[in-house]
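See structure below.
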Amino acid sequence: MDCSRILYFGIMMMIIYCERSLSENVGNLLLDYYKERCPMVEEIVQRQVQIAVLKDPRMAASLLRLHFHDCFVMGCDASVLLDSFEGMVSEKQAAPNLNSLRGFQVIDEIKCILEEACPRTVSCADVLAIAARDSVALRGGPWWNVYLGRKDSLKASFNGANQFIPTPNSSLETLIANFKVQGLDIGDLVALSGSHTMGKARCVSFRQRIYERNPEESLEYYHHSDRTKIFRRVLRSICPQSGRDNAIAPLDYKTPTRFDNHYYHNIVEGKGLLQSDNVLVSQDYGGEIRKHVWGYAKDQEYFFESFANSMIKMGNINVLTGEEGEVRKSCRFVN
């Protein structure tokens, strides 16, 4: 008997097993969590997201944003979907979400179909995670494995939504702190900011950015000061100093409905719509974040890979699993 061959075979089997385990598990979440109880879950979600985005291309960005705003409060637990009820104030009423978040009806429709196919099985939190991935992929962005098994929260946090969701006028220091609280680093900050490559924002979100004097725009890394001034004038035509709060402009003026790396091209030129976009360059005095920005601007595949990895990481923030939380029958109310 050749013991060395047996030992080699045993080691290789252990490596294959470990690699497989790593690919099928992230934290307490599993890749095939619904394999036995609801094998069609991802197909059902994808189909409904396709229908919603076909009707309204902007919905892709809205569904992605729902997942962000959910995870940044108490974790990825679908607390953002709860309506106000019996003294509990909904996160939908918080300043970053009020008259801003969209897509709730789409999630309701997906959940209704899932309840018919697999009653009390698929959590609303998992629906949000899958819908975010499919929204990105449908607009030309990366596809990644969504690890599943999240449970839904039993409460919402109005105060948490006001405290932890980054605002459109945040400084770079504040953004870094917001992400650090969630266990996300500056690499995640720059990659996930790339979600602003699609979608639109309301005038009230970018008014401060276009009317307050910003001396940083004259610094050496903004090479097109005249074009920046023209860009600002265009935005001012959309958004006056007072009124028209709900007028909208694309977050990425070059390819507003496509998920690509043009967002990074924009902020290198000082043409990010939101102040929180432009500070990634203008307030990065050490240059580390700017290196990420330039890297993503030059290499879309590098951005896609980084974005997918950061989305998986974000999707694992403070998840409820096992006996924690519940699987809601309606995403708007606890059972």
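Each Cβ is built from the backbone N, Cα and C atoms, and glycine gets one as well.
Source: prediction; values computed, not measured.
Noted from TrEMBL: C38 is disulfide-bonded to C118, selected from C112, C118, C124.
Fewest Cβ neighbours within 10 Å among the recorded positions C38, V73, C124, C239: this applies to C38. Nearest by CA distance to P166 (substrate binding site), out of the recorded positions H69, E91, D252, is H69. Of all the recorded positions in the record (C38, H69, D77, C203, C331), the one with the smallest CA separation from D252 (Ca(2+) 2 binding site) is C203.
All protein chains shown were included, and the count of other CB atoms within 10 Å of the CB of C203 (disulfide bond) stands at 18. Close to S79 (Ca(2+) 1 binding site), meaning Cα to Cα within 10 A, are none of the recorded positions out of C203, T255, D260. Checking Cα-Cα distances from T197 (Ca(2+) 2 binding site) against the recorded positions (C38, D70, D77, E91, C118, C239) with a 10 Å cut-off leaves nothing; none qualify.
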